[in-house]
Amino acid sequence: MTNQPLLDRQSIVVLALLAAVAILVPALNILAAPGSVLHVSDHLVPLFGKYICFALLALSVDLIWGFCGILSLGHGAFFALGGYAMGMYLMRQIGPRGVYSDPVLPDFMVFLNWKELPWFWHGFDWLPLAALMVLLVPGALAFIFGWFAFRSRVTGVYLSIITQAMTFALMLAFFRNDMGFGGNNGLTDFKDILGFPLQAASTRIGLFVLSVAALAGGYLLCRWVVSSKFGKVLVAVRDAESRTRFLGYRVEHYKLAVFTLSAMLAGVAGALYVPQVGIINPSEFAPANSIEVVIWVAVGGRGTLAGAILGALVVNAGKTWFTGVLPEFWLFALGGLFVFVTLLMPRGILGAAKDIWERSGRRLRPARVPEATAQAAE
Amino acid sequence: MTSLRSILQAFVLLIGMASAAMAGPYEDALPKFAADSYADTEAAVSGVAGSGHPLALNVVEALRDGRLLVAAGRVYLRDVSGRLIDAATGGAVEPAAGLKPVRVNNRVRRAIEAALGGMTLLSPDAGARLEAARAVFRSRDAAALPVLEKAIAQESAVAVRDALEGARAAILLSRPDASSSERLAAIETLHIRGDQDALALLTTLPPGAPSDIAEAASKAADGIRTRLALWNAVQNVWYGLSLGSVLLLAAIGLAITFGTMGVINMAHGEMVMIGAYTTFLVQELIRTHAPGLFGASLFIALPLAFLVAGAIGILIERTVIRFLYGRPLETLLATWGLSLILQQGVRTIFGPTNREVGTPGWMSGALDVAGLSLTYNRITIVVFAFLVFSALLGVLRYTSLGLYVRAVTQNRRMAGSMGIRTSRIDALAFGLGSGVAGIAGVALSQIDNVSPNLGQGYIIDSFMVVVFGGVGNLWGTLVGAMTLGIANKLLEPYAGAVLGKILLLVAIILFIQRRPRGLFALKGRAVEA
Amino acid sequence: MTAPVTPALLYLDNVSVSFDGFRALNALSLAIDHAEMRAIIGPNGAGKTTMMDVITGKTRPNEGIALFEGSHDLTALDEAAIAELGIGRKFQTPTVFEMHSVEDNLLLALKEKRSPFATLLSRRTAQERERVDALLERVRLTSSRHRKAGELSHGQKQWLEIGMLLAQQPKLLLIDEPAAGMTDQETADTADLLRDIARTQSVVVVEHDMTFVRDLGVKVTCLHEGSVLAEGSLDAVSANERVVEVYLGR
């Protein structure tokens with residue numbers, strides 16, 4: 001409001017870097033000679049695309065955790081729901097090319113001896129409707145869940161635990177065959193999207209660029225939200241919920257609004273993720289996934305937006321490297337990261353970097369570690 | 001059994017020889033076996049079986065096993081040792097020429113089964129009689145009726161007589177020519193018997209039954225249905241109680257760390273897992289060094305699991321958690337990280353697969369009470385859960401550690417200024433909570449797979465129990481665990497296991513909206529601070 | 001309730017609150033007039049904070065009537081609605097938005113539309129800036145306008161919080177121990193500020209510091225065990241035998 005114009009220095013850096021990535025990765029994939037150090041091989045493009053989707057998911061978590069103090073341990077659910085909406089579209093696109101060659105029914109339904117398409121599958125062969133559902137389904141779930149939770153002032157760890165229960169319940173539900181989403185195996189064997197084959201390098205590059213664009217758009221949206229007066233109220237809620245209430249703000253409306261928005265962002269991330277990895281199954285709802293997202297945000301530095309993106313990229317790149325080189329040690333590393341960041345680097349990479357910069361730059365007063373951020377001071 | 005059987009056979013053979021000269025139904029029936037027609041064979045079976053002749057059982061058994069032979073109109077049987085015996089006299093004979101086995105078809109086989117059922121009704125072995133009575137009940141073969149009457153008259157064992165009477169009732173009910181009063185009595189007998197089989201009989205009356213019979217049968221069937229539903233409910237409540245005990249064991253340690261200290265310990269499930277692995281190690285050592293102690297392995301494992309898990313808990317508290325007091329969300333994340341490390345650590349040491357933890361002899365088997373079958377390991381776990389609960393309650397109420405923990409729970413600052421070393425109490429309370437989780441692991445190793453993921457399966461349920469029951473109150477945890485356990489098992493028959501669980505989770509989520517601090521929450525200003 | 005039942009701005013009658021059997025308020029009755037300043041005193045546990053909780057909608061009374069401007073039933077409204085009616089509350093420990101600048105703290109408190117949609121699209125107007133400037137001047141924080149509120153001294157935070165209350169333009173201000181932790185000079189200045197406010201708005205001050213209460217020079221209500229023990233001038237109240245008994249614990 002006062003000292004944060006929409007495009008501050010941080011935003012310009014983030015957008016410039018994202019633009020560079022959106023240009024460089026495809027360029028190095030197409031132009032650099034295979035075998036050269038600079039070449040980005042075909043399988044790396046969707047891998048990077050996956051990271052970008054995770055970064056968007058992390059951004060959505062940072063929006064509510066970093067700015068409003070809502071620690072959701074169930075955001076993987078919104079991500080997965082967005083993914084399923086997209087997966088349903090891709091499933092319908094397969095048409096008669098499935099194993100059972102049924103023109104309408106996806107393979108798993110034929111396998112389960114279903115005679116007709118369940119009602120909620122209708123219309124998903126039309127991308128605009130599927131895209132709308134990518135936003136609406138996670139948004140609606142978040143709205144209903146949040147309406148109950150915030151109205152009755154469930155806060156702190158209680159909220160975290162019930163968000164975890166929510167995603168756990170959804171996971172159990174989606175594992176059931178009769179839910180109509182492919183049960184255990186989920187949705188897979190996708191062929192093409194809008195007629196472009198998913199295996200083609202050009203489609204993958206297109207999806208990658210689209211993901212980066214979505215991330216940039218998501219970043220701008222979040223930046224706009226947090227730098228508006230609305231965003232100031234969110235921070236006020238995070239730091240002193242009662243004070244905000246006694247000033248006349250309906251805290252539950254603010255929480256509900258930002259929670260729903262965040263769920264929609266997570267849904268978009270999931271929708272872009274599915275065509276790039278080629279599968280969506282119930283394990284995406286696993287509570288462990290959602291907690292992992294939180295640590296991406298913590299590693300990068302919560303309440304900074306850019307930190308969420310950075311954290312998602314760093315941790316996932318680390319995961320890829322570890323699982324390739326020392327697969328047994330990945331969980332040790334991840335677990336250690338949780339402990340290390342919470343104990344020693346509570347403001348994440350960006351916060352630590354800022355502290356160092358401030359300390360070396362202008363040594364006026366020692367930088368305060370804001371402990372109050374997590375507790376609602378009364 | 002077999003030896004007893006052969007002695008008996010020898011005995012009846014002996015008697016058979018003595019009475020061979022007399023003609024009777026047995027002697028009349030026997031030649032029909034030689035007629036080489038299925039209908040005659042069937043008639044012969046029922047004739048022999050109804051004769052009460054000492055050789056009858058041997059003949060029918062021989063027919064069943066293809067050891068009944070005919071040659072030149074005479075009937076022989078080859079006994080188990082291979083001797084050939086004249087079926088009419090019971091005397092051993094030299095093999096005659098042209099011996100052919102008597103052929104059987106399915107109809108004859110059914111007749112054989114029924115006949116055998118009828119004859120073993122008189123067996124001196126009560127177990128065999130019971131078995132036979134059940135066989136007759138199932139076959140409802142009217143031919144067995146005379147033997148059945150005889151058996152009922154001389155039966156002394158109550159359980160067997162009940163079974164016999166049930167069998168008679170089954171036959172009478174399905175026999176169109178039975179008198180009305182007989183059939184009504186039969187219906188009453190079946191009503192008292194009251195199991196699934198009786199219900200099946202009552203609901204499948206032969207066509208053309210008089211209306212009063214049909215009415216009585218349907219009334220009795222309704223009665224049985226009600227009773228069965230009741231027993232079913234009782235059984236489900238028992239299953240629920242048993243599940244609730246498991247939940248209680250898993251959650252009660254959490255109730256201490258979360259409830260009294262406000263610490264979200266996501267690694268709590270791993271403490272349970274460590275307890276289970278301690279049991280595994282103890283059993284391995286016993287197997288190799290002192291196999292005789294196996295029956296006591298769980299008792300040896302209990303204190304060890306408490307100490308190991310408790311020590312790890314204290315270590316975690318001292319190195320990580322104490323730096324995070326007042327920051328519950330950070331504690332949650334850090335302990336989640338610890339849980340990943342502990343899981344992977346166990347996986348690295350013991351491998352990712354399930355480990356075999358044996359069940360001591362005294363815990364296997366089941367107790368049959370009325371219509372219920374209660375397995376001993378479930379009973380043990382229910383009893384154990386309540387013991388642990390009472391012990392913990394006692395510790396909190398009557399020991400100075402408990403007093404300090406309660407003081408710190410209610411007012412940390414005040415307790416501190418009264419000279420209680422709060423940080424030490426925190427460590428001990430955390431150790432206590434973790435140790436109890438370890439003990440739970442010993443119990444859960446008996447009913448669950450001991451794998452590195454053991455703890456993960458319980459963590460969400462445990463949190464639900466604690467949050468539902470209300471934080472900071474052990475009684476709340478007890479009520480929470482039992483409510484969730486029983487609700488889960490009562491929902492299961494209608495909704496299925498998975499859907500039932502989902503419904504329950506949704507119900508808890510909604511419940512927390514209504515009472516954000518659980519069933520037994522502390523009220524007033526204390527919690528606002 | 002449309003016709004005003006009472007001319008008083010705030011009217012509490014027979015209000016009781018109990019927590020698990022403990023009666024925090026016991027048939028409390030109180031009336032505050034327009035532009036009146038009232039000091040509330042009483043030992044710890046007398047129910048002062050609970051009374052404020054009832055007035056601001058944080059706690060629902062088990063029984064009793066709480067009316068604002070003679071027609072608004074405070075027991076049926078939530079905190080936000082009550083704040084919008086024109087009741088502002090300052091907490092015992094100063095509570096400001098520590099991560100926001102002083103200026104943003106006041107901007108958030110300004111009487112503007114409070115809905116999420118409105119705040120999302122709101123643009124700061126010149127008029128708002130003027131109001132913030134005036135408020136900063138009044139609570140003497142003009143030079144600190146860009147500092148984070150968390151960096152202010154204790155006394156400055158108290159004043160910032162009072163400034164935020166004023167930004168709400170409430171008809172009634174509830175002020176819990178404004179002098180706690182202040183220097184003598186700050187205490188005197190605070191008394192001046194409150195007297196100044198009371199010229200146009202009603203103020204209820206809860207305070208332990210008797211010097212400060214004397215400085216205010218207003219009618220005093222003494223609470224004890226959840227009900228009114230004595231009411232009147234400070235001298236009259238402190239001469240009351242029962243008040244002396246309660247305070248000295250005889």
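Indices start at 1 and increase along the chain as displayed.
Glycine is treated like the rest: Cβ placed from N, Cα and C.
The signal peptide annotation in TrEMBL covers B:1-23. Taken from TrEMBL, the feature transmembrane segment covers B:237-256, B:294-316, B:328-346, B:379-404, B:425-444, B:464-487, B:494-512.
Tallying C-beta pairs under 8 angstroms between the transmembrane segment (B:379-404) and each of B:237-256, B:294-316, B:425-444, B:464-487, B:494-512 places B:237-256 first. If one looks beyond the transmembrane segment (B:328-346) by at least 6 residues along the same chain, the residues whose Cβ comes under 8 Å of a Cβ in the stretch are 262-270, 273-274, 277, 312, 316, 320-321, 452-453, 455-456, 459. With respect to Cβ pairs under 8 Å, the transmembrane segment (B:464-487) is most closely packed against B:237-256, considering the stretches B:237-256, B:294-316, B:425-444, B:494-512.
Within the chain, the transmembrane segment (B:294-316) has long-range Cβ neighbours (under 8 A, six or more residues past its boundaries) at 267, 271-272, 274-276, 278-279, 282-283, 286-287, 335, 338, 342, 358, 360-363, 427-428, 430-439, 441-442, 446.
When Cβ-Cβ distances below 8 Å are used as the criterion, the transmembrane segment (B:237-256) is approached by residues 265, 268-269, 271-272, 372, 374, 378, 381-382, 384-386, 388-389, 392, 405, 429, 432-437, 439-440, 443-444, 447, 458, 461-463, 465-466, 469, 471, 473-474, 476-478, 480-490 of the same chain, each at least six residues removed from its ends.
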